[in-house]
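Below: the structure, in structure tokens.
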């Protein structure tokens with residue numbers, strides 16, 4: 001590009017211009033003022049486009065990194081855990097996704113120039129790094145809400161210093177490395193070794209960050225299983241909903257139905273699970289373009305949701321009447337037995353009929369028959385039926401009769417429609433054992449207690465005792481129940497004892513685990529009769545889930561998944577993608593604003609074009625991943641062409657455009673994503689980690705990959721005429737192999753030739769003095785890029801000094817007292833402006849490194 005405004009020549013790009021505004025010779029065909037406006041809006045519009053397609057790319061990445069393995073949960077149920085470690089995912093695919101435009105701009109820039117150096121890609125990466133580190137962190141420092149004395153602390157502190165140290169170090173080292181290879185080891189040249197090393201630092205930083213995350217360098221023991229799946233893009237399983245119900249409070253009261261409960265649990269889950277980096281990045285872009293939000297607004301803290309849900313019983317309020325127990329026992333000399341009838345809920349008046357019926361006991365001889373109607377008042381829950389027992393001196397076996405209920409005025413009769421009353425003979429000592437009906441017991445996990453009945457049968461005279469203990473089966477002692485042991489003593493006249501075993505509520509959605517209670521060491525006037533079978537000394541207890549609660553959880557789980565669909569970043573059909581492309585989004589529970597409408601209609605062409613990308617459900621997200629990557633490349637070519645034409649018509653050099661407009665446009669979504677991460681998380685790890693991780697990856701991947709490819713390309717082929725025309729052609733002394741000098745093109749005007757005498761090419765701005773002119777190499781002039789990188793490194797070190805200072809003086813890297821927060825944010829903004837100013841002056845030749 002010529003800097004002359006009289007006769008402006010703008011070199012066409014790969015695809016642009018296409019409107020005839022500039023001819024093939026680079027001459028302007030339209031007024032320059034019109035082109036300035038056209039390319040300004042074109043570049044802004046292309047930033048929106050690359051942001052939208054990057055979101056499609058990230059959605060594919062989110063699906064890929066959501067791959068799971070199935071493991072056994074604490075209650076024996078199957079649960080899913082992530083295959084990808086969060087740190088590795090963030091530094092690899094997630095970093096590639098959020099920085100795809102910058103990285104692709106650099107890769108395509110090298111390939112588009114036939115592997116010759118170009119300015120736009122490297123300058124954009126350095127400019128983005130400066131904006132990310134200085135401006136985004138400044139925004140996050142002042143963006144934390146003030147403390148409210150309850151859940152909001154007003155500050156965010158880095159909790160994982162290991163990962164922060166690794167990514168922070170490499171976010172600076174990456175750029176120092178550029179200075180080393182471009183200005184020290186092989187000035188103005190990237191050899192194969194430098195290219196390979198630059199690229200290999202990428203897996204190195206990932207490995208070190210993973211090791212820090214897994215505490216390799218501290219020797220701490222860690223759980224080998226990764227955390228349970230994040231909420232985003234995840235289909236809720238019933239066991240997860242069950243665990244949320246348990247956490248919300250089983251004994252709480254409320255009047256929410258299943259649908260309201262599902263909505264409540266959805267927001268509770270969202271409050272507990274921080275959004276992924278992909279969600280935050282996509283949500284930020286959709287806020288800017290009027291798209292459907294994938295992160296809910298103001299879900300609150302997890303503690304806001306505890307003990308606010310109704311129980312399963314409260315969600316099933318059909319009136320029901322039962323005997324309080326399925327069996328009663330009474331001594332023959334007791335004279336009276338009272339059986340209880342219970343109705344739930346105790347609302348309104350209620351009646352139910354009752355009667356007695358002999359089995360082995362005879363009405364009139366062993367007990368007095370009764371019949372009648374029980375009348376419950378409003379709020380009255382329990383009534384008693386009293387029955388007289390007749391005593392005699394005969395030695396006899398235990399005898400039984402029934403008490404029945406029938407014809408409730410409302411509701412239904414429950415499982416205890418009758419109860420059995422046993423009349424115990426009190427003329428013999430009897431035996432201790434477990435009755436046949438009590439030899440197997442079932443307990444709901446939520447009941448927390450297993451009640452095991454131990455009976456004294458065929459007599460009750462004098463004391464008698466035995467020992468008891470629990471023995472594990474499929475139920476594990478200490479996990480499913482607490483062990484119990486001791487001695488039971490029946491005094492004279494006592495006929496029943498109860499052993500309570502504590503059951504541990506593991507929150508299992510489905511459960512069927514057993515243990516046994518065993519009796520031994522019987523003592524007394526008569527230990528045990530020969531008529532007892534072996535199983536009468538054991539009771540098998542089965543711990544199960546609550547069927548009613550399971551049904552409720554199943555219903556709630558289905559509704560939760562329906563609620564979560566609106567926050568899913570993935571897609572399952574092309575029709576759904578096109579429908580979403582035409583949909584105007586807004587914050588949860590709000591109506592679209594004027595800005596939402598404006599930005600939606602401006603960007604809807606991009607949305608429709610990128611709706612052709614295959615849905616994320618195809619091939620585990622990989623089909624979407626590669627298809628979207630191609631689209632990112634296509635859009636990046638457009639950005640590169642527009643940025644070059646923009647620079648030309650505005651009289652700017654490409655490097656200046658790259659570190660300002662292009663860097664700003666590609667980094668804007670990350671600004672809002674990091675702010676959301678800072679506000680929505682309890683720590684500063686996500687917000688700062690997004691910045692430091694991306695900055696390191698941008699160099700190692702965005703520059704390392706294309707530079708490595710270019711270095712291999714030129715090292716494997718000799719210099720051709722194009723290479724000589726670009727970097728110089730050796731001139732030999734007549735009849736000799738001695739080089740007399742080199743002819744090179746002048747750096748400021750392609751029409752001029754500069755002669756560098758002798759074999760030393762140090763006078764050539766574009767050539768490295770140690771390049772053998774008989775072989776080719778990938779030339780990367782340090783020039784103004786070196787000054788830009790050096791300035792950034794200085795500002796980056798000062799930024800980390802401020803963060804470390806804030807950790808000690810203010811208690812946290814982000815937030816804290818408003819005064820210091822504003823001061824430190826202002827300093828960071830000043831550092832960014834300093835970087836921009838120094839870089840621009842360097843590009844103009846005013847300052848040199």
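Residue positions begin at 1 at the first shown residue.
Using the three backbone atoms N, Cα and C, a Cβ is placed for every residue, glycine included.
Per TrEMBL, transmembrane segment is recorded for 36-61, 91-112, 124-142, 163-184, 190-212, 785-805, 825-843. What TrEMBL lists as domain 'Calx-beta' is 310-406, 419-520.
Mean pLDDT, taken over the domain 'Calx-beta' (310-406), works out to 83 on the 0 to 100 scale.
The transmembrane segment (163-184) makes no contact with the transmembrane segment (36-61), as judged by fewer than three Cβ pairs under 8 Å among residues 6 or more apart in sequence. Per-class residue totals from DSSP over the domain 'Calx-beta' (419-520), listed helix then strand then coil: 6 helix, 57 strand, 39 coil. Comparison of 36-61, 785-805, 825-843 by number of C-beta pairs under 8 angstroms to the transmembrane segment (124-142) places 825-843 first.
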